[in-house]
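> So TrEMBL lists the following for this protein:
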| type | residues | note |
| --- | --- | --- |
| DOMAIN | 4-331 | domain 'FAD/NAD(P)-binding' |
| DISULFID | Cys42-Cys47 | disulfide bond |
| BINDING | Lys51, Gly115, Thr144, Gly145, Ser146, Asp316, Met322, Leu323, Ala324, His325 | FAD binding site |
| BINDING | Gly181, Ala182, Gly183, Val184, Ile185, Gly186, Leu187, Glu188, Glu204, Gly275 | NAD(+) binding site |
| DOMAIN | 350-459 | domain 'Pyridine nucleotide-disulphide oxidoreductase dimerisation' |
| ACT_SITE | His448 | active site, proton acceptor |
Amino acid sequence: MSQFDLVVIGTGPGGYVCAIKAAQLGLKVAVVEKRATHGGTCLNIGCIPSKAMLHTSELFEEAAEHFEDFGIKVGKPKLDLKAMMGHKQKTIDGNVSGIEFLFKKNKVTPFHGTGRILAAGRVEVTAEDGSKQEIEAKSIVIATGSDVAPLPGVEIDEKQIVSSTGALELDKVPGKLVVVGAGVIGLELGSVWRRLGSEVTVVEFMDKILGPMDADISRNFQRILKKQGVEFHLSSKVTAVEKTGKQLAVTVEPAAGGEAAAKTLEADVVLVAIGRRPYTSGLGLEEVGVALDERGRVKTDGHYQTTVPGIYAIGDVIVGPMLAHKAEDEGVALAEMLAGQAGHVNYGVIPGVVYTSPEVAEVGKSEEALKAEGISYKVGKFAFIANGRAKATNHTEGFVKVLADAETDKVLGVHIIGHGAGEMIHEAAVLMEFGGSAEDLARTCHAHPTMSEAVKEAAMAAFAKPIHA
Ligand code: FAD
Ligand code: NAI
């Protein structure tokens, strides 16, 4: 029987990072993964392939719609979807093989198969051919991630009715795409297919898109997407999808109910993107006494320990935003704790990015959250239309919004819609990690001409007055 200090079940961003960090800190580490390749949802069917498709579809639209604005005449670009998918696959392959390399480099022992916890300290691995082996380890980490949340009554076949996985694999551009859920997946993948030529209609249960995001950002971003041609049915729900040959009939009702007000939308493909749920199936958690919460997430304490000593959990399978970087940071923190160090994740400063065009990024609190908490705040805003670099590159859409404490000037939240927002947000994150103020941000010299100058100007607007507005 193989003996280790630590065995990690699942090699997504949570699991692989935890394993590597623990090995770097001197622990003898094994990982168990049931997929053929490491990297989990993120590298295989999530973050990485979606960003490859977002990038290539953005280039396609740039060439088709915007090159002429800059005096570049290349004619109408032709889509080679197979080659585009080839780039996506090459990106996945490069990333997942990178993890294999890092495991070797850090002497992490990989086991391929499905892991099941037999007891604290014991994990059984069942390979695809049914053969079993047992691993012993002082600590076990559950990093099994999440899976697509189903829409009751609508069966996903990954061809016509797809989840994000099928939406990243379509072999032709759907004429009409109906997206259920105006969350991150719906808007990112809806954007991909719209740019490639689909008519996209989004049906959302709530009265706003991107649910928990700042309402000002949500409202403005919806306007931008509408201008791009995305149709929205808010406060609505899909109650049925009927297949009639190659066509789909999608029944949409008001969220509050009411068959009388039902509408039917035609679609070639329906993308179900109504959230993800923690994945714990087959782990044997009930038998060993690892408790789940009311939403099926593994319950953990402040040190990521489950209700069974020696068994820990991190990432999508526990409470918190289902984000790769949140899972990674928990992986590092837990590895440090297991190695006798102090690990810590600051949940108040986890950036969120929607990789559409323009991008949407946020860190810290929204105005709604500050109001709900009774915190008095000031708002500094700066629009990219007044930014020189944005003008030069035709990326003038969107704005930066800085929320700072009314009394102390401490930055409490930063929200950006704009080209490159996902990169710009990190200066706000670093500032907030150090408890910085709007004045700190406003007085930090920013290179000219950059989009980031809008972040500085928004901070100036919160603390005094911007120069360029
Ligand atoms: P996962 O990545 O889900 O990995 C869990 C691993 O455990 C899987 O490989 C699974 O096969 C394995 N496993 C499960 N059970 C067992 C078992 N019993 N035995 C062995 N192995 C097992 N997040 C971002 O931050 N940025 C993005 O841009 C982004 N884009 C996304 C796009 C899409 C389309 C999707 C679906 C998700 C996206 N996410 C993004 C979310 C991100 O993928 C997840 O938050 C992240 O993957 C969670 O990491 P994890 O390690 O907790 O779990
Ligand atoms: P989500 O939670 O972001 O959005 C789901 C949306 O569907 C919500 O707006 C919800 O109100 C709506 N909804 C729920 N039930 C509905 C119904 N019956 N009819 C209509 N609308 C309904 O979930 P999503 O987009 O599926 O993404 C899952 C997870 O993956 C997210 O937690 C996200 O964090 C992560 N992710 C992150 C990305 C990023 O960081 N860029 C990219 C893609 C995914």
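A Cβ is built for glycine as well, from the same backbone N, Cα and C atoms used for every other residue.
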> Compute the centroid of the Cβ atoms of Gly181, Ala182, Gly183, Val184, Ile185, Gly186, Leu187, Glu188, Glu204, Gly275, then list the same-chain residues not in that set whose Cβ lies within 8 Å of it, in sequence order, for the NAD(+) site.
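Close Cβ neighbours, site residues excluded: Val179, Gly190, Val202, Ile209, Leu210, Ala273, Ile274.
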> Kindly point out which of the recorded positions Cys42, Thr144, Ser146, Leu187, Ala324 have a C-beta less than 6 Å from some atom of ligand 2.
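The recorded positions passing the 6 Å Cβ test: none.
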> Taking the binding-site residues one at a time (Thr144, Ser146), which has its Cβ surrounded by the most other Cβ atoms within 10 Å?
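Sorting the candidates by Cβ neighbours within 10 Å, the top entry is Thr144.
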> For the recorded positions Cys42, Ile185, Leu187, which residues place their CB under 6 A from an atom of ligand 1?
Cys42, Ile185
> Can you see whether DSSP assigns Lys51 (FAD binding site) to helix, strand or coil?
helix
> Give the three-state DSSP assignment (helix, strand or coil) for His448 (active site, proton acceptor).
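Reduced to three states, the DSSP call for His448 (active site, proton acceptor) is coil.
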> Of the recorded positions Lys51, Glu204, His448, which one sits closest to Cys42 (disulfide bond) when you measure Cα to Cα?
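Looking at Cα distances from Cys42 (disulfide bond), the smallest one goes to Lys51.
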> Between all pairs in Lys51, Gly115, Thr144, Gly145, Ser146, Asp316, Met322, Leu323, Ala324, His325 (listed as FAD binders), what's the biggest Cα distance, rounded to the nearest Å?
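Pairwise Cα check on Lys51, Gly115, Thr144, Gly145, Ser146, Asp316, Met322, Leu323, Ala324, His325 gives a maximum of 30 Å.
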> Rank aside, I only need the closest one: which of the recorded positions Cys47, Gly183, His448 has its C-alpha nearest to that of Ala324 (FAD binding site)?
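That would be Cys47, the closest of Cys47, Gly183, His448 to Ala324 (FAD binding site).
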> DSSP secondary structure for Thr144 (FAD binding site), reduced to helix/strand/coil, please.
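The three-state answer is coil.
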> What whole-number distance in angstrom separates the two most remote CA atoms of the NAD(+)-binding residues Gly181, Ala182, Gly183, Val184, Ile185, Gly186, Leu187, Glu188, Glu204, Gly275?
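If we measure all Cα pairs in Gly181, Ala182, Gly183, Val184, Ile185, Gly186, Leu187, Glu188, Glu204, Gly275, the largest is 14 Å.
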> Just checking, which of Lys51, His448 (recorded positions) has the fewest C-beta atoms within 10 Å of its C-beta?
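The recorded positions Lys51, His448 were compared, and His448 has the fewest Cβ atoms within 10 Å.
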